[in-house]
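Report on the following structure.
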Amino acid sequence: MAEMIFKGYKKKVVGAVRVPGDKSISHRAVIFGAIAHGETKIEGFLTGDDCLSTLSCMRQLGAEVERDGETVMVKGSGFNGLKEPENVLDVGNSGTSIRLLMGLLSARPFHSVLVGDASIHRRPMDRIMAPLEKMGGQLFGRANNRLAPVAINGTKLEAVTYNSPIASAQVKSALLLAAIQTEGQTTINEPYLSRDHTERMIRAFGGEIKTSKASCSLNGPQKLTGTTIKVPGDISSAAFFIAAALITPGSELKIESVGVNPTRTGLLDVLKDMGADISVNNPRELNNEPVADLVIRHSQLKSTTVGGEMIPKLIDEIPILALLATQAEGETVIRDAAELKVKETNRIQTVTTQLNKLGADIRETEDGMIITGHPGQPLTGGKVESFGDHRIGMMLAIAGQVAKQGVTLEGSEAISVSFPSFVKLLETVR
Ligand code: S3P
């Protein structure tokens, strides 16, 4: 396990950066490129381990995929162009890969097996398998069809209306990837709207999908056409730099070309409420996705309460929000976030235990946490662990900005899952 030391105490964060491409959009661009007809060019593809897993799975399925740095060319010949893989498809640590591929492959007329690392094999897959089974899918998993590895006997599916009990873009996207190959209208209703990159991408590839509030409907089968996808910077990666600038006195940082899709900007909304000085400049669109430049200045934050429909809009940012709350005046409450327990780690537990080791004051609750902020009072610092979770690793690295004795991070290699250039980029702004 790699160990790294982060000593950022009082080192102000200044300058301008671009963060790597959006993880959710990069996964989808390769998958849709492979099932579309013709050539797709992806610019700004995220070269983190997770997206590389999707890329290699799509190659094993017969898609022609060439990568040169952050540019990926995909030649697709429709979903009928995919072929039975000769070996198991290994998604590594990537929940998005395994879940989206389950949807795609359940409607292909061949056998496939999806495997991943130890974390993937602990995470729930029944949330995808159960609705796909309603469509007639034949999927088989460990522990009563709950866990991966998952074996799929692809077959012809039937369109359904599915009322999802959770707001999950992975569930919705898996079903849409099945529905786009299936005769008839499939409708998905969510309790709250989850990230809508799949819906936007279907349109970018010339497909049709109806959306209204937290529902979407698609008539299949549809023929998609290859296109150029310019991937915006990942707001979930930008979040670590936003936090570093907000909590370090004297900081002023510009982050260029960040995706600001409203289903992803919950952190910006909450931070505004907490008194953060963040301007969103030069709004524009790239392939139906809103993009802007952000300017962040050090700010004295105050506490807040976060729950309900806000949670899916910032689910991946809760670890870094917890760190920010340690520096805010008052008690911050995060609730309705039990989903955190089934991420790469149980993030309620890993955030609480690791930040408390650094001197924070956080209490775990059933569906979130309560953070008592002590503004102006630095964390002590010490030795902590990522537990193989990229977002926990990066959050703890940023905690080094307010930890007097620095942060020694074990398991720092996990960072490459979503942000391989994180440490280098952090050095350029301090
Ligand atoms: C993702 C959806 C979210 C998110 C994950 C990426 C996606 O997961 O946490 O990092 O790309 O669809 P859920 O769908 O499980 O909420």
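Numbering starts at 1 and runs along the chain as displayed.
Backbone N, Cα and C define each Cβ position, glycine as well.
Because TrEMBL annotations are produced automatically, they should be read as predictions rather than curated entries.
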Legend entry - Given TrEMBL lists Lys23, Arg123, Gln170, Arg347, Arg391 for phosphoenolpyruvate, the same-site residue among Gly44, Gly95, Gly368: Gly95
Inset, instruction - Would you mind sorting out which binding-site residues among Ser24, Gln170, Arg347 put a C-beta under 6 angstroms from ligand 1? - result: Ser24, Gln170
Inset, instruction - Fill in the CA-CA distance, Gly95 (phosphoenolpyruvate binding site) to Gln170 (3-phosphoshikimate binding site), as an integer in Å. - result: 8
Inset, instruction - Write out the long-range same-chain contacts of Gln170 (3-phosphoshikimate binding site), meaning residues 6 or more apart in sequence whose Cβ is under 8 Å from its Cβ. - result: Gly95, Thr96, Arg99, Leu100, Arg127, Ile128
Legend entry - Whole-number Å value of the largest CA-CA distance among Lys23, Gly95, Arg123, Gln170, Arg347, Arg391, listed as phosphoenolpyruvate-binding: 19
Inset, instruction - From the recorded positions Lys23, Arg28, Asp316, pick the residue whose C-alpha lies nearest to the C-alpha of Arg347 (phosphoenolpyruvate binding site). - result: Asp316
Inset, instruction - Among Arg123, Asp316, Arg391, these being the recorded positions, pick the one whose CA is nearest to that of Ser24 (3-phosphoshikimate binding site). - result: Asp316
Legend entry - Candidates Lys23, Arg28, Arg123, Lys343: member of the binding-site residues with the richest Cβ shell (10 Å): Arg28
